[in-house]
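Per TrEMBL, region 'Disordered' is recorded for 1-33. The annotation compositional bias 'Low complexity' is assigned in TrEMBL to 8-27. Annotation source TrEMBL lists domain 'HIG1' at 25-116. Residues or ranges marked as transmembrane segment by TrEMBL: 53-73, 85-104.
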Amino acid sequence: MHVPGATVNPSSVNPNSSAPSVPKVPVGKPMPQLMRPETFEEKLYRKFKAEPLVPIGCLTTAYFLASGIRSFYNRDPVKSQTMMRLRVGSQFATIMIFVGYAGWNAFTLDFAPGMAVPSEQLPMKSKADNRADEK
């Protein structure tokens, strides 16, 4: 019987057995715990904090849409047409903001992995320094 948190003695395990091996857990270290799932409110807050202009653009688009529909029902074609054009403009702006955030998050100034940063490289020796080292 396996006791959680206990280590397995390698001499007691039969290497020829077909049972899967039990991973060794060091004594004194706690087992890693799974993180609890993020609630809808927590995710909404996290995303709004990371990219605040996207929800503002969505709300602006929804306002222009509702105002345009209300103008349509009130039989005001000029205001309805204006609101629908503003809705399309705000939708375009929201999509461009979203693309901008995605591009900004993808852009890094890191060099290739394993490559030295130019400021960390040793200065090159001149030919005169090499001749002085040889003497």
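One-based numbering along the chain as shown.
Placed from the backbone N, Cα and C atoms, the Cβ positions cover glycine too.
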Beyond the flanks of the transmembrane segment (85-104) by at least 6 residues, Cβ under 8 Å: 51, 53-54, 57-58, 60-61, 64-65, 68
Local confidence of the prediction over the domain 'HIG1' (25-116), expressed as mean pLDDT: 87
